[in-house]
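Features as listed in Swiss-Prot:
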SIGNAL    1-19  signal peptide
CARBOHYD  Asn39  N-linked glycosylation site
ACT_SITE  Cys74  active site
CARBOHYD  Asn92  N-linked glycosylation site
Amino acid sequence: MSAQLLILSHVVLLQLIVAQLGPKIGKQFLKPKQCEITNQTVYDFHAQMLNGAQRSLTEYRNKVLLIVNVATYCAYTMQYRDFNPILGSNSNGTLNILGFPCNQFYLQEPAENHELLNGLKYVRPGHGWEPHKNMHIFGKLEVNGENDHPLYKFLKERCPPTVPVIGKRHQLIYDPIGTNDVIWNFEKFLVDKKGRPRYRFHPENWVQGTAVKPYIDELEREI
């Protein structure tokens, strides 16, 4: 195969991967789900950063957190473009976004940890994109299945799923399938200033962030 044909085949494959969305939903499922409040908080967990260091989530005490499982080659990837303006408009710096790359949905995050930031900067969303100082991108992890990260196990236990159907089996790169699973890239959990998960949002429940902003404002007003 010539070099040109090889490049073309890779481009076509990438386009097919990016085109894959999670399960389609009706408008009745776009309302966020409220989470069960318990004594356990996200501060009980730590996660690996891109450089391999472990970070305790206690560093985010008294912050409102938007926790997102992200992927570079997903139809929802352009939501990255909305994160910086939302954080930039948060004048008191209370809001932080924690991005957790995951490759479990149709292999849409194939990069290694050291490649992720360059992929975001030069490929998708590209155009020199870099994260706001209050957006923290962690190392790759698994959000579902046998090896789901303890943080995500906790979030799924506390917050009901946003839709009754998870998706097509061939698009889900993990086992076993659970009823509370994260359904696709860019699902979001909103955490209050005490570290308690409060709301869970479907990836399509976004609209440049306007669908989530009222709930962020609600938690920021709380003492």
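Just so you know, glycine gets a Cβ as well, placed from its N, Cα and C.
Asn92 (N-linked glycosylation site) and Asn39 (N-linked glycosylation site) have their C-alpha atoms 27 Å apart, to the nearest angstrom. Every protein chain considered, the tally of other Cβ atoms within 10 Å of the Cβ of Cys74 (active site) stands at 24. A straight line from the CA of Cys74 (active site) to the CA of Asn39 (N-linked glycosylation site) spans 35 Å. Sequence-distant contacts (6 or more apart, same chain, Cβ under 8 Å) of Asn39 (N-linked glycosylation site) do not exist in this structure.
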